[in-house]
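Q: Pasting a structure below so you can have a look.
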Ligand SMILES: *[C@@H]1O[C@H](CO)[C@@H](O)[C@H](O)[C@H]1NC(C)=O
Ligand SMILES: *[C@@H]1O[C@H](CO)[C@@H](O)[C@H](O)[C@H]1NC(C)=O
Ligand SMILES: *[C@@H]1O[C@H](CO)[C@@H](O)[C@H](O)[C@H]1NC(C)=O
Ligand SMILES: *[C@@H]1O[C@H](CO)[C@@H](O)[C@H](O)[C@H]1NC(C)=O
């Protein structure tokens with residue numbers, strides 16, 4: 001799945017605007033993974049972290065019958081299915097939307113048994129299942145009883161005799177299911193077109209919902225060939241993984257319908273199936289005989305919103321064919337944008353499904369970050385066509401390899417599609433820094449899980465977290481770098497060729513990479529791929545590498561954000577890693593990788609010799625670790641930043657800032673030292689260092705925007721950001737043009753949002769004027785600037801501005817525009833507007849249910865809305881909990897979001913009271929988040945006590961320096 005599954009776009013947007021969200025380090029303590037259903041379409045660190053806890057291992061079940069176990073017995077292996085489904089796009093007389101279906105599965109009996117277990121969830125079986133034997137010589141036993149198992153999601157068939165090993169059988173079933181709006185299995189999505197309500201029947205199977213569409217052996221290693229047929233209303237379009245093979249008319253009862261038969265699929269896993277019936281339109285092209293089609297609502301296709309995706313899909317597919325040295329395995333690649341979709345996107349083989357914001361692009365509404373999201377998410381899903389779909393991990397415990405891999409190579413694919421963007425660098429902000437925050441907690445977990453620990457659907461779902469996606473991506477990038485891309489892809493190709501149409505485990509990949517290493521004598525590793533990678537995969541966390549440039553001593557230590565936390569989980573490697581260190585000395589890149597294989601080592605070359613000599617390690621942040629130095633070297637690096645910052649690569653300037661702030665949080669260096677890394681920013685024009693600084697300064701805003709530190713801090717930051725603001729003012733001819741570079745466009749947005757945030761009057765005037773012109777004359781604001789301008793103008797304005805934006809929100813026809821407005825509406829400073837907006841969030845005709853949490857969290861991010869949102873959540877807890885208890889409503893995001901500013905004794909007491917008052921109602925998926933919020937509040941109180949005075953006087957001094965003489 002695209003990483004939208006766990007990232008929070010909404011929160012991302014607001015951070016950018018208010019600058020108040022989520023630096024990695026705050027999240028760090030706030031961490032509960034939650035399935036917030038959107039994707040960060042912004043280059044912002046999201047505020048929800050990744051999961052840090054694991055569900056307990058295999059839950060004990062009272063009895064030990066095969067159907068009480070969550071894993072299928074190994075007795076039956078499917079070969080092919082023949083599935084016919086008929087979704088009804090109109091409700092039946094009881095108001096229910098349903099689908100009917102029948103299915104035949106041919107399976108082989110590999111271990112003699114008198115029991116058939118096949119997954120089936122929420123299906124009503126309308127006929128008794130029928131079992132027949134394929135070989136005429138063998139008679140099939142008859143079915144004694146047929147029982148659904150609700151908890152383990154099986155249809156259990158007891159037979160009056162044994163199935164014979166080595167023989168083939170057919171099991172035929174007929175069933176009815178609900179086409180619910182629950183975003184899982186076969187479900188329905190609704191939208192309005194020209195005032196008419198339209199219904200789409202669509203699917204999301206991953207990880208365990210194919211069993212909600214038809215009875216199947218629903219485990220990724222149970223690959224089979226699928227013959228799919230869809231029955232649908234005349235005039236509608238039916239799509240599935242294979243190409244449409246034939247279409248005919250059918251009279252069923254009194255109804256004339258259409259029947260579409262699809263070409264049989266390749267041998268594949270059930271979680272990659274897709275069935276869709278809609279009246280969508282499409283555009284298409286053909287690239288090297290592969291048919292590429294983009295489907296969406298008719299009005300979106302007519303408006304040309306699919307064109308960008310169509311333009312990029314072919315080149316990205318070609319790129320991956322080259323990268324994997326393997327032809328795209330299917331004759332077609334369909335991509336479809338759905339109005340209701342849980343994740344960001346889903347890599348169904350041959351029919352990829354997307355959220356609308358992840359596929360549809362409109363020049364006049366979409367910002368550069370909207371566009372970037374489309375390119376990267378297409379690349380992510382297309383990467384899975386081989387890695388994941390052609391070769392599939394045997395069980396979900398290896399999910400990290402599947403998603404980590406796609407999350408790494410999505411940058412390579414997108415870079416190929418948009419070579420001018422420098423997008424590959426962004427993995428450092430979006431994945432490495434982001435997951436550092438989560439993985440620096442004592443409650444983090446290793447990438448790899450044991451197969452037996454992952455059994456229940458909920459345990460599987462929990463694996464879709466920041467560790468799997470972002471840490472997976474980070475360590476694979478590190479691996480590809482120290483092997484070299486040439487050797488990495490050689491191993492990859494051999495892995496794909498060996499396991500094509502089958503399954504593998506992650507060590508199979510290491511084996512094939514090792515073979516590639518052995519065939520390339522120029523690659524020298526200190527140990528095997530397996531042994532090196534085990535230190536990154538089998539233990540949680542990552543090291544901070546400390547280099548003492550006076551002695552050349554290099555040491556590593558498990559980096560913990562909270563130095564007082566205790567690690568209770570033992571590691572097979574005692575929290576030591578085999579660390580590849582790329583480094584430079586006083587502007588000269590060292591060509592060899594320095595490997596650190598023990599707790600400590602002496603590297604003579606890393607000794608500095610003169611007062612201007614410096615060492616910088618982890619060049620381009622290719623390694624998954626933080627770096628600390630002796631104080632002298634820090635001082636020299638700071639001196640280089642303020643005199644010749646370009647002699648340090650931009651990615652490393654971003655890293656110096658991020659490392660320093662996090663080392664300070666961990667009390668390894670003084671907080672003032674971290675603040676000093678922001679002093680050179682008045683000279684900085686590059687995006688990455690600025691973004692890194694703003695992410696880290698967010699924590700200071702959260703802690704101090706209600707205290708006396710705020711004034712001097714604002715004054716200092718205004719001084720730092722003004723040159724950047726003026727730089728962009730000139731570059732864009734007084735804000736009339738947009739800078740050509742993709743990252744420069746982001747930094748222009750940073751310049752405006754930060755300048756306005758510090759209260760720079762020229763900035764406030766600019767955003768007010770642009771917004772007023774839009775209100776008065778309809779003159780459009782450039783999409784790149786909309787989020788920032790909307791938010792600041794609404795913050796500076798009153799009811800008129802708010803009402804205008806609200807009506808625009810209700811009118812918006814493209815999802816990305818609605819998103820921008822929905823977050824900006826939370827920026828007002830008027831308590832009554834904020835309170836009314838809070839009320840709207842619980843009215844699903846005004847704010848869709850899936851957007852309720854993030855809207856409340858936006859409001860809490862606004863310093864004026866913080867306490868209102870907290871009061872609101874406290875007062876309505878029972879209602880919210882009962883009304884929104886199921887499905888996609890994320891209580892952990894909500895609790896983390898409304899409490900992230902908490903930093904006083906009083907707030908701590910309130911939080912504890914809240915916990916006590918509602919213990920009967922419960923906190924559902926927010927239970928852990930609540931405890932973590934309490935922990936975080938305690939840690940914030942401590943941090944403020946220890947740092948407030950220093951920070952205040954530092955800002956006061958710095959704000960006064962070089963003040964123009966009056
Ligand atoms: C699949 O089932 C349909 C009817 O249920 C039948 O017409 C068709 O021949 C079957 N196809 C295969 C490959 O068995
Ligand atoms: C399945 O059966 C249950 C119990 O009879 C019924 O309430 C439900 O509506 C049925 N579902 C469908 C889709 O027919
Ligand atoms: C592809 O689109 C063109 C129009 O651009 C159309 O003529 C052609 O029939 C389409 N092909 C398919 C297979 O949809
Ligand atoms: C798609 O490609 C065509 C042809 O190269 C180009 O004219 C068009 O502007 C592109 N559209 C988008 C949205 O990128």
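From the backbone N, Cα and C atoms, a Cβ is placed for every residue, glycine too.
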Q: Write down the single range among 21-41, 42-62 that appears in TrEMBL as region 'Disordered'.
A: 42-62
Q: Quick check: of 356, 363, 403, which does TrEMBL put in the same Zn(2+) site as 380, 384?
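A: The record-listed residue among the candidates is 403.
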Q: Between residue 384 (Zn(2+) binding site) and residue 469 (site 'Transition state stabilizer'), what C-alpha distance do you get in Å?
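A: Residue 384 (Zn(2+) binding site) to residue 469 (site 'Transition state stabilizer'), Cα-Cα distance: 13 Å.
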Q: Could you measure between residue 380 (Zn(2+) binding site) and residue 469 (site 'Transition state stabilizer') for me? Cα positions, answer in whole angstrom.
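A: About 11 Å separate the Cα atoms of these two residues.
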Q: Across all the protein chains here, work out how many other Cβ atoms are within 10 Å of the Cβ of residue 380 (Zn(2+) binding site).
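A: Here the count is 31.
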Q: Could you state the whole-number distance in Å separating the C-alpha atoms of residue 469 (site 'Transition state stabilizer') and residue 381 (active site, proton acceptor)?
A: 13
Q: Measuring Cα to Cα, how many angstrom lie between residue 403 (Zn(2+) binding site) and residue 381 (active site, proton acceptor)?
A: 10
Q: With every protein chain in view, what's the tally of Cβ atoms within 10 Å of the Cβ of residue 469 (site 'Transition state stabilizer'), excluding that atom itself?
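A: By my count, 30.
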